[in-house]
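Engineer: Pasting a structure here, questions to come.
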Amino acid sequence: MGDTSCFNRHARQVASHRCLVSEHRWVNKRYKYLRLSAAVDLHSATLPGQFYMLKCPNVKSLHPFLLRPMSVYGTGPAPGTIEFLYNVAGAGTQGLAELPEGSEMEIVGPLGNTFTLKPEFRRVMVVARGVGLATMAPLLQQAARAGIVLTIVMSARTPEDLMRNAFLRGIDADVHCLYDSDGTSAMSALDKLLHDILGKHHHDMIYTCGSHRILRLLQSILEVFPDTGGEVALEQRMACGMGVCLSCVRPIQQNGRIEFLRVCREGPVFPIRSVVGEVEFA
């Protein structure tokens, strides 16, 4: 994806929604699950890869000023239901983690573009790590419903951090789990695994999210397998989520030249082969 026309097609769906916190709990020591209920149909409006800006509450000495971007973990089955899975880290998510069930919060979206999943696809691969798995979860469900064969390579620090069952949600797939704790997630091991898998079966597309090291590895691997496409959902700090503040630009190869595109508006999904680097902010 990665073009403004896609954003414009979905822009009419963007709105501010007052939501009820219907479920909010720890999944493990690092991640929390948040389920919200709105009075409008978020299920039909939200596509895989899109995100929302969440207004995080003030808690004690924490006063997050900006809304926080968060990928969608799931929607439905009720029309107004939307789910998020997040890592509790800075002031925003620390405040968010304190929201009790039964309270209300404001979200803005859906924002951004979506993944490419063509009807003719027969087999695709998802490579993701940590909380980036949550971004890919709606895509997995869509691919499974379409009858596409799935290969999933997921990694985390430890087996406890992986959340395999929460990610798969019962779908059938060829799953490979890698961990920092036993060294199986090392780039050299991942490189060999991916070459072996792609050498045995053609995959129409590889999708990934988040990790810059995995993105660079996939760019190298796709040079060996030119008939396989690739898309990445980029993670980037952003202030507005609508393309106004320009805080989330990334250099992208497009139309034969490098252009600085906004992750929130032209993205967050871009062709893997088009991403040429990161932007460093002082």
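Even glycines carry a Cβ here, placed using N, Cα and C.
Automatic, uncurated: that is what TrEMBL annotation is.
Feature annotation from TrEMBL assigns domain 'FAD-binding FR-type' to 14-117. For R68, P69, M70, S71, G92, T93, the entry in TrEMBL reads FAD binding site. As annotated by TrEMBL, [2Fe-2S] cluster binding site applies to C240, C245, C248, C264.
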Engineer: Sort out for me which one of S71, T93 has the most neighbouring CB atoms within 10 A, since those are the binding-site residues we care about.
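Structural biologist: Most Cβ neighbours within 10 Å: S71.
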Engineer: With DSSP assignments reduced to helix, strand and coil, which class does G92 (FAD binding site) get?
Structural biologist: helix
Engineer: With DSSP, how much of the domain 'FAD-binding FR-type' (14-117) is helix, how much strand and how much coil, in residues?
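Structural biologist: Counting residues by DSSP class gives 10 helix, 46 strand, 48 coil.
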Engineer: Among the binding-site residues M70, C240, C245, C248, C264, which residue has its Cβ surrounded by the fewest other Cβ atoms within 10 Å?
Structural biologist: C245
Engineer: Averaged over the domain 'FAD-binding FR-type' (14-117), what pLDDT does the prediction give?
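Structural biologist: Mean model confidence (pLDDT) across the domain 'FAD-binding FR-type' (14-117) is 92.
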Engineer: Based on Cα distances to C248 ([2Fe-2S] cluster binding site), point out the closest of the binding-site residues R68, G92, T93.
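Structural biologist: Answer for the nearest of the binding-site residues: R68.
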